[in-house]
Amino acid sequence: MGLTTLWFVVNPPESFGGEGGPESLVQSAVGVSDQDHVERDPHHPHAQPQAPAKPSPIVLDASHGLTGSAKYRFERIRGKGARSSLKKIQFQFPAETEKARLEREARLKAVRDGFEHAWKGYKSHAWGHDEVQPVTGGYRDTFNGWGATMIDSLDTLVIMGFNDEFDEALEWVKTEFTMTKNPTAQIQFFETVIRYLGGFLSTYDLTGEKVLLEKAEELGGYMLNAFQGSNFPNGRVAVQDTANQLGYNFVLAEIGTIQLEFSRLSQLSGKPIYDEKARKIFEVLGSATSQLPGLLPAYVQDAEGRHYSDFKATVGGMVDSYYEYLLKEWILLDGKVPKFREMFEVAADSIKKHMVMRPENGSQEYAILGHVYSSSKNIDPEMEHLACFMSGSFAMGAKYFDRPDDLVLARQIAQGCYLAYHHSGTGLGPESSKFTTSTQHGKFVPDTEKFFDPILTRKDYILRPETLESLWILYRLTGEKKYQDQAWEIFQSLEKSCRTPIAYSGLKDVTKPGSHDNRMESFFMAETMKYLYLMFSTPDVISLDDFVLNTEAHPIIRT
């Protein structure tokens with residue numbers, strides 16, 4: 001009788017810390033014969049040379065034995081049900097070598113273990129609150145006191161396969177989550193939309209749990225209160241309608257970063273009002289002109305056809321995600337609204353013409369995006385961490401719109417962002433890197449040791465994800481392993497400099513190890529850890545061809 005050997009992978013672990021971790025493998029031998037003993041004993045006189053034992057695979061990408069909701073979630077994060085008429089842009093990855101797979105899966109497990117550590121810290125010290133204090137313990141309620149980390153992390157739990165932990169959080173949403181305990185409070189419209197509404201919609205897309213859509217619809221109704229006789233929503237909004245006021249000065253990123261969430265809510269609820277509100281904002285902004293075509297100031301007014309002059313243009317704070325959503329709304333709506341593509345391409349052309357700065361030494365390896373003054377066209381050599389997202393947007397636009405030069409620039413911007421990490425001392429990038437200005441227009445002088453100017457730079461690091469976001473997008477679009485290696489380097493720096501006994505802390509100064517700020521914003525688990533996990537997952541997990549991610553890294557399925 002011949003040898004019959006069955007290799008199978010055990011089910012993915014559904015809770016933290018149980019027996020049979022994600023590297024578990026079970027070997028079952030059925031029908032053991034005399035020949036089995038010959039093959040297993042290297043000293044047997046008839047033994048044959050043996051090939052090395054097959055390495056044990058991580059099981060996080062295996063569906064064996066999954067049933068019910070766990071199976072649905074597993075398939076959903078791999079794009080089941082997604083539909084799009086747009087061309088495919090994700091790199092067609094070839095089969096992995098055994099060595100590459102083992103390295104990738106070991107890194108995947110390390111990231112997953114890091115998320116586990118942060119989640120346990122949140123659960124132990126801040127359950128149901130907005131943020132855990134990772135050094136002292138305790139919590140902060142900085143985003144409405146509604147449990148920001150909880151809601152922001154729901155889809156990450158699903159993507160990483162933590163089914164028991166997700167079910168526990170879902171039960172909290174069903175029984176404890178409320179938006180009406182302080183109905184007159186003036187809450188932040190932008191943060192509430194991207195963290196809470198985005199979190200509910202994304203996790204509903206990944207799980208089909210009805211309560212999540214119900215909460216999204218309830219929250220969407222409250223968010224309509226921000227539109228008080230204006231096309232633009234006020235920056236502050238109250239759950240109680242009569243507690244709202246008319247806004248006057250509108251921050252570009254705040255009004256230009258609701259489109260994905262509002263359009264998806266209309267698609268799911270069948271109520272067109274959300275999509276109509278979102279599109280009207282882009283219509284008004286699209287009718288504006290400026291001294292820098294396609295670029296707008298941080299503060300804008302609600303008036304069609306307005307012209308803006310004498311402002312500082314940036315793709316950093318207060319502006320950033322407006323440009324991000326021009327492209328992503330076009331993707332979500334399956335390319336059926338060409339105006340969004342037009343607005344993105346015009347803005348991209350101006351960014352390339354007016355903001356790109358290169359090192360004085362002539363290197364073409366990296367670049368930064370500075371701040372440009374619309375009248376003089378002078379550029380300040382400062383690259384905000386928030387602006388690092390633009391590399392990913394350039395890269396996706398390059399693929400969709402056949403703009404190969406934009407992919408070259410995307411690589412250079414990502415490299416500039418990475419170098420700010422690599423040379424900082426802790427391996428983590430500062431909030432805003434400043435450089436010495438060159439005598440040549442559009443050039444800057446990097447510091448010989450720190451890359452950025454260690455005196456002028458704003459050196460805090462609040463666990464931001466934008467560099468990792470762009471590295472992940474570039475990896476998924478090009479298949480180049482160097483982006484995985486750079487992300488792994490950043491993760492190791494997080495482990496060394498930011499991990500605490502409770503969770504992970506930001507830093508007051510990236511040049512000073514141990515300068516913890518005792519804060520872990522909800523986006524660390526919603527974005528930073530998610531992008532790291534996706535960097536080392538199989539590429540079918542949250543494929544760029546199946547999903548579009550909001551600015552808080554909440555994947556919205558494309559239907």
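Residue numbering: from 1, along the chain as shown.
Placement of Cβ uses the backbone N, Cα and C atoms for every residue, glycine included.
According to TrEMBL:
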ACT_SITE  Glu191  active site, proton donor
ACT_SITE  Asp320  active site
ACT_SITE  Glu431  active site, proton donor
ACT_SITE  Glu466  active site
BINDING   Thr551  Ca(2+) binding site
COMPBIAS  34-44  compositional bias 'Basic and acidic residues'
DISULFID  Cys388-Cys417  disulfide bond
REGION    33-58  region 'Disordered'
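Where TrEMBL records a feature, it is marked here on the structure.
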residue	record	Cβ contacts under 8 Å, 6 or more apart
Glu191	active site, proton donor	Phe143
Asp320	active site	Ala253, Glu384, Leu386, Ala387, Phe389, Met390
Cys388	disulfide bond	Ile413, Ala414, Cys417, Gly429, Glu466, Thr467, Glu469, Ser470
Glu431	active site, proton donor	Glu384, His385, Arg458, Lys459, Asp460, Tyr461, Ile462, Arg464
Thr551	Ca(2+) binding site	Ile194, Gly198, Thr257, Ser321, Glu324, Tyr325, Phe389
Report summary line: Around the Cβ of Cys417 (disulfide bond), other Cβ atoms found within 10 Å total 30
**Report entry** CB contacts for Glu466 (active site) [other CB atoms within 10 A, all chains]
**Finding:** 24
